[in-house]
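Have a look at the structure below before the remarks.
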Amino acid sequence: MGLSSPVPVLGAGGWGTALAVALTRAGHPATLWARRPDFAARLAEVRENREYLPGVTLPPGVAVTSDLARAVAGAEFALVVVPSVGVPDLLAELPRELGLVLCAKGLAPDGGRLTDLARGLGFTRVAILSGPNHAEEVGRGLPAATVVASTDAGLADAVQAALVSPTLRVYTSRDEVGVELGGVLKNVIALAAGLVDGLNLGDNAKAAIITRGLREMGRYLVSQGAHEDTVYGLSGLGDLVATATSRHSRNRAAGEAIARGDHPIHRPQQGGKVVEGLRTAGLLDTWASAHGQDLPIVRAVALVASGEWTPDQGIASLMGRDARAELDG
Ligand SMILES: NC(=O)c1ccc[n+]([C@@H]2O[C@H](COP(=O)([O-])OP(=O)(O)OC[C@H]3O[C@@H](n4cnc5c(N)ncnc54)[C@H](O)[C@@H]3O)[C@@H](O)[C@H]2O)c1
Ligand SMILES: O=P(O)(O)OC[C@H](O)CO
């Protein structure tokens, strides 16, 4: 892909829209693909994604289409930015020679990684983009940093070159597993932090959830083959802090709403916006039970999210665990 070829951005929610704008800031045109033709037509005309990223004007370098084949024609790689639940159907329609930059922070339907799903479908060039990146801030050009991870060094370098700009620092990593799963797990811990907020349990409890959540993330990531240091990088600790403490986070807000009794807990969407952690918690809890792994915060969030436990029961389950040494798990 030459420098002036548009980069396809597949998914016109908040993050896809912000990434399309970020590409133009980096000097590259983007083609933003929206699934619904009427939505794409409105976005092309109004030049603002009022549903998912209000207040950010689409620059002239962003073209909008609902024609998927046209969006990816001739591209070396595409940013895939639909929610995880929509990734399998979207990938099924894409040419296998296309490089994929997976941007969803969620799991495949079987609880596995989306990068594995992509390779299982026959894609050979696969990367993950993840970090502390609220669309609301990246869309406005506030300074941020992110990570593109791939075992394909050429792909990671190409994505870095396409996205890096004075307001977005893009680091590369070879630890695909660690970068992908950090983004997946932090949503669940942020939901737990939201429960703490909604129950007014205080700053000590919030700090404890974040810190113990980070350890839980670390145990799971390393068990899946991640490098331990990645847990403490932008896609791990960085994104956990950004999500668990942010007024922008849908996951944190969903936990807060559940604790206040005003969230429809069986619906994985909030006001039409995706809350990945609600789905992830159940998938991960099922995996942990099957593999005898102890993920207590994941378990509490899964059972609260499914309605089996009240938020108070979830917190009690964490406070009532056996006494132990801090570094013992
Ligand atoms: N919003 C952020 O700040 C942010 C930042 C980093 C990563 N992410 C991740 O990016 C992914 C997308 O999140 P978002 O915030 O852009 O979503 P969003 O909630 O803003 O919008 C979701 C978009 O996806 C579309 N969509 C829903 N189901 C779909 C399907 N089955 N197939 C195709 N399109 C579908 C919707 O129509 C909508 O355009 C999520 O996995 C999220 O965790 C979001
Ligand atoms: O709004 P959330 O909770 O989906 O978080 C958005 C991003 O993942 C933050 O990095």
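We count from 1, first residue shown onward.
Backbone N, Cα and C define each Cβ position, glycine as well.
Remember, TrEMBL labels are computer predictions, not curated facts.
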*TrEMBL has Gly11, Ala12, Gly13, Gly14, Trp15, Gly16, Ala135, Lys273 binding NAD(+). Which one of Arg36, Arg113, Arg250, Arg252 is in the same site?*
Arg250
*Residue from Arg36, Lys186, Asp239 whose C-alpha is spatially nearest that of Trp15 (NAD(+) binding site), among the binding-site residues*: Asp239
*For the domain 'Glycerol-3-phosphate dehydrogenase NAD-dependent C-terminal' (175-314), what does DSSP give as the number of helix, strand and coil residues?*
99 helix, 4 strand, 37 coil
*When you put Glu276 (NADPH binding site) at the centre and draw a 10 Å sphere around its Cα, which of the binding-site residues Gly11, Ala135, Asp239, Asn251 have their Cα inside it?*
Asn251
*asked:* By the count of other Cβ atoms within 10 Å, pick out the sparsest of the binding-site residues Lys105, Lys186.
replied: Lys105
*Rounded to a whole number, how many Å is the Cα of Arg250 (NADPH binding site) away from the Cα of Lys273 (NAD(+) binding site)?*
8
*Measure from the Cβ of Trp15 (NAD(+) binding site) and count the other Cβ atoms within 10 Å, all protein chains considered.*
27
